[in-house]
Amino acid sequence: MEFTPIAKCSVTNARVARMVLAHAETTLPTFMPVATQAAIKGLTAEQVESLGVTLILNNTYHLSLRPGVDILKEAGGAHKFEGWRHNMLTDSGGFQLVSLSKFTTITEEGALFSSPFDGEPTMLTPEESISIQHAIGADIIMQLDDVGNLLQGPRVQEAMERSIRWLDRCIQHHESSGNKDKQNLFAIVQGGLDPNLRDECLDAMLERKDRVAGYAIGGLSGGEEKDVFWKIIKQCADKLPEDRPRYAMGIGFAEDLLVCVALGIDMADCVFPTRTARFGVALTHTGPLNLRLTKHAKDFNPIDKACPCPTCRDGTSRAFINHIITHETAAAHALTIHNIIISAHFLLDTLEIVVYPEWCVNALRSVGVDLLENMDVPVVPGGGAKWEYSDAA
Ligand SMILES: [Zn+2]
């Protein structure tokens, strides 16, 4: 990997960087759409490419179940299998195991789960996760981490310490393979919502800096208080090295993306923009719109006047989407395209927010931006999910 920071914001910690991987060059900051089953739902690889997306995320857990490692190896990796010419990142598979199967048990050896096909006990070890990601052939691969399943208590400390030990096993396995020069391993900082545990984890993982290509911040977006969320992101981003990309995992709401970039984050991913599109919800600069609602039946405006996506540029109206959303898959395609493009723009744009969530005001103050200076905008305490979904219910 070639990673070069190009410019830094004169006020906040936001930065622009160039990341050259085996398949393509990606300009950071970037939002990665998620291709759960080896495809961004509803779009072809060519369509995704035409949107200017150069880095997508594939789920290791899903790919390893179907089509499975053997077929991927025979196809020559997931790039060839999917017809995707640009960069790809895979997760370790661990998060899906814990979130999708209530029978997953974490031991020092790995994550023990029962196969969804035959119920047989199956173990995902750090080594096995890396081997699967080698077969997939993603440009960026993630360490297997212990995601824990509680936000507090002794389990968080255990999960953080185990994640460091598992990072060492992942590094060892990756370095002893022939894939070291083509694929780049990222470490995942854990430690829950406890700043001391985060600090301990950061120290340990920074000691391994020469053996990892980048750093991710894991264990957030689990419904924690937003003021806790941004403080952990800032703590990690401040301490992570300038010459490594910083990836905030599972972040995807408009204001979360904007705040994370201001705090120094380079990469983010979330299923939210593409998933919500399939339910008829368009993300816009002024908040989400549920285009299934009859109030949009005579609304001939584009989805978002400031959006450069093909759907908005073509003049497709909110009324038209409302008309076809329940019976034409074309509506979901059009909204998926729109939501991917606009999420990428949330990283760089100003949001025309009519009310400010208090946590956004606090987070941006920490990097020298006062949203309320010369502004008469109401501030809502908390903010976050309730505000985000105001029109999406
Ligand atoms: Zn659009």
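In case you wondered, yes, glycine gets a Cβ from its N, Cα and C as well.
If you check TrEMBL, you get these features:
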ACT_SITE  ASP91  active site, proton acceptor
ACT_SITE  ASP269  active site, nucleophile
BINDING   ASP91, SER92, GLY93, GLY94, PHE95, ASP145, GLN190, GLY219  substrate binding site
BINDING   CYS307, CYS309, CYS312, HIS338  Zn(2+) binding site
DOMAIN    12-346  domain 'tRNA-guanine(15) transglycosylase-like'
REGION    250-256  region 'RNA binding'
REGION    274-278  region 'RNA binding'
Item to check | Residue pair GLY94 (substrate binding site), the residue listed as 'active site, nucleophile' - Cα distance, angstrom, rounded | outcome: 16
Item to check | Folded-back contacts onto the region 'RNA binding' (274-278), same chain, C-beta under 8 angstroms, at least six residues removed | outcome: 33-34, 40-42, 288, 332, 335-336, 338-340, 392
Checklist entry - Just checking the binding-site residues SER92, GLY93, PHE95, GLN190, GLY219: which sit within 10 A of CYS307 (Zn(2+) binding site), CA to CA? => result none
Next on the checklist: Out of GLY93, ASP145, GLN190, ASP269, which recorded positions have CB atoms lying under 6 Å from ligand 1?
Outcome noted: none
Next on the checklist: Take the mean position of the Cβ atoms of CYS307, CYS309, CYS312, HIS338, the recorded Zn(2+) site. Which other residues of that chain put their Cβ within 8 Å of it?
Outcome noted: PRO302, ILE303, ASP304, PRO308, PRO310, THR311, ARG313, ILE337, ILE341, ILE342
Item to check | HIS338 (Zn(2+) binding site) and PHE95 (substrate binding site), distance between Cα atoms, whole Å | outcome: 28
Checklist entry - When you measure from the Cβ of CYS312 (Zn(2+) binding site), how many other Cβ atoms are you left with inside 10 Å? => result 23
Next on the checklist: Spatially, which candidate from the recorded positions ASP91, SER92, GLY219, CYS309, CYS312 is nearest to ASP269 (active site, nucleophile), comparing Cα atoms?
Outcome noted: ASP91
Checklist outcome for this item: Reduced DSSP state (H/G/I helix, E/B strand, rest coil) at GLY219 (substrate binding site) is coil
Checklist outcome for this item: Note: among binding-site residues GLY93, GLY94, GLY219, least Cβ-dense neighbourhood at 10 Å is GLY93
Checklist outcome for this item: For ASP145 (substrate binding site) and HIS338 (Zn(2+) binding site), the CA-to-CA distance in whole Å is 33
Checklist outcome for this item: HIS338 (Zn(2+) binding site) to the residue listed as 'active site, proton acceptor', Cα to Cα, whole Å, comes out at 25
Checklist entry - How many other Cβ atoms sit within 10 Å of the Cβ of CYS307 (Zn(2+) binding site)? => result 21
